[in-house]
Structure formats: C-alpha cells, structure tokens
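Input: a single structure, listed below in structure tokens.
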C-alpha cells in the first residue's frame, strides 16, 4: 500500500478537502459567499487558507461545468505550452477571476487555470498556470494555494514541473529530469501546527516508474529549493552538490509538501534550462530559461501528454 493511503494525517486532510468540494458539504455557506470572501489573492494574513481553497474549487466547478478534476498539473518556467498537447481544453479561466489567485509575476508562466479532458480515460485535469513563488513576498499560503485548490477540486494526483539549474555536466539544457527527492533550503513549511506529515517517498516511486515506462532514458535527481529571486552563488551550488543535490531552483518543494499533507500523490519533473552558477562560466539570466524552455517545448510537451495519459 502506498504510504499516502495509510497516513492518518493525510487521510484527515483529504476528508476535509472533500467536504468542501462541490457536491459535498460546504458547512452551510451560501453559494457564492466563499468566492466573495476570498476575492483577493491569498496571503499569510488570511484566516483560513483551506477555506479559500474550497471557495476556489467551487468557483472552478461552476465556471468549467466539471464537478471533479482527477489530476492537477502545475506548469513551471518553460512548460507553458505543454498543456496544448496534453488533452482537449474544456474551459480556460484567468487566474485573477478565481478566489485567492493572483496573476503570475514571472515571464514564462501563463496566467490561467485550464480544465482539460484526457482522451480515452474520461478523466479531467486542472492545469495551474498561475504559480506563486516564495520570493514574491506573499507568504507560503499563497505559494501552495494552487495545490490546495486542486485537492479541494478532487485531484488525487499532481504533477509539479519547473525550470531549473543543473548540477551535472552531462545534463544539457533541455534535459527533463524526474525528481526523486528534495532538499528544502527555504526555511519555510506550508504545514502549520502539530501536524507531523511523513515525507518518505514524497515523489512517488510508482509515478516515476510510470513516467519511465514512457521514456526509459529519463534520469532522476534530487531537487534543491532556494528562496530566490537571486540565482545561487557558485559556493551555494557547490554546497548543494555536497549535500546531495542535482538540481537547483526556486519552486516545487513547498508545493510538494502541501500536496502530501492534502493526500495527493506527487510526480515532479524538472527541465534543466541552464548549468548552475560556477558549472558554466556564462552569467545566468531568466531570458536563458525562457529560451531553453521554448527549444525543449515539443519534446517536453509530448512527454507530459503521454505521462498524464498513463496516470
């Protein structure tokens, strides 16, 4: 049995999310009341981030006509065009129309939430193209609002993608890498209170095997999340290597932790967009990240489409 299904903490959180899904018990709240209350983007000052996620899920169900989304996709830098090849689009909604969401602050992230129908399976996926990063200053609750919304919308599986710096010279820009584990150097956690969530096999070995059944050449590695927004120094990159890191970036780890708390099974895929500082003599820039993502677009889009269809 997968550890997600046997963890009481996870089971309790999933049941709470399910209670707020459309068609479940909403605590007696009148329709539309939650959307009005959480019309502003989520921050750490919000009194109940889980209620905000339920309000967002209710809004998505009404706007898309899809009561339940089975899978969620978070599209990172370089992955923005991937959803076009994954499945048929049912509805596209600007992120600013959905309770608790804000427009992306980073070029390369699309500012929409999209409902798509996966051909042949009858499943629906929620594509989150409006990622919030910790360095934007809105707090951890904002960073994981999309993940919690996906759980409240019914998702049991989430695919987290990102663009990252590579610490291995053999991984050229454009190489997709499965995340096997992470090291969280943000000094933050999305979990609050005495809720001791186990992170063993956080990045599901079952889902990684499913991805490798699509492309057996996919490597895997440990992702290290820094706070950003500045890039890592060469000394920090050497430190990340010495403590077991293979990839460095500014997202994903906090979202994965929140996903485990909510009971979701997690697949993480990084796109190496550049060699990390000190490995390559060239200075780093976000334009380089965007360019590498565009060049790798056809390959990673096809890969993601096949992986999602296999989940």
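Cβ from N, Cα, C; glycine included.
The model shown is predicted, which means the values in this text are computed figures rather than measured ones.
Quick look at what TrEMBL lists:
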- 1-43: region 'Disordered' (REGION)
- 70-308: domain 'Nucleoside phosphorylase' (DOMAIN)
- 77, 109, 131, 132, 133, 163, 251: phosphate binding site (BINDING)
- 232, 274: purine D-ribonucleoside binding site (BINDING)
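Feature annotations (TrEMBL) mapped to structure.
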residue	record	DSSP class
77	phosphate binding site	coil
131	phosphate binding site	coil
163	phosphate binding site	strand
232	purine D-ribonucleoside binding site	coil
251	phosphate binding site	coil
274	purine D-ribonucleoside binding site	strand
Cβ packing number for residue 132 (phosphate binding site), 10 Å threshold: 29
Average model confidence [pLDDT] within the domain 'Nucleoside phosphorylase' (70-308): 92
Spatial separation of residue 232 (purine D-ribonucleoside binding site) from residue 131 (phosphate binding site) - C-alpha basis, Å: 21
Between residue 251 (phosphate binding site) and residue 232 (purine D-ribonucleoside binding site), the C-alpha gap once rounded to whole angstrom: 14
Integer Å distance between the CA atoms belonging to residue 232 (purine D-ribonucleoside binding site) and residue 133 (phosphate binding site): 16
Cα separation, residue 132 (phosphate binding site) to residue 232 (purine D-ribonucleoside binding site) (Å, whole number): 19
Listed binding-site residues (77, 251, 274), ranked by Cβ neighbours within 10 Å, top entry: 251
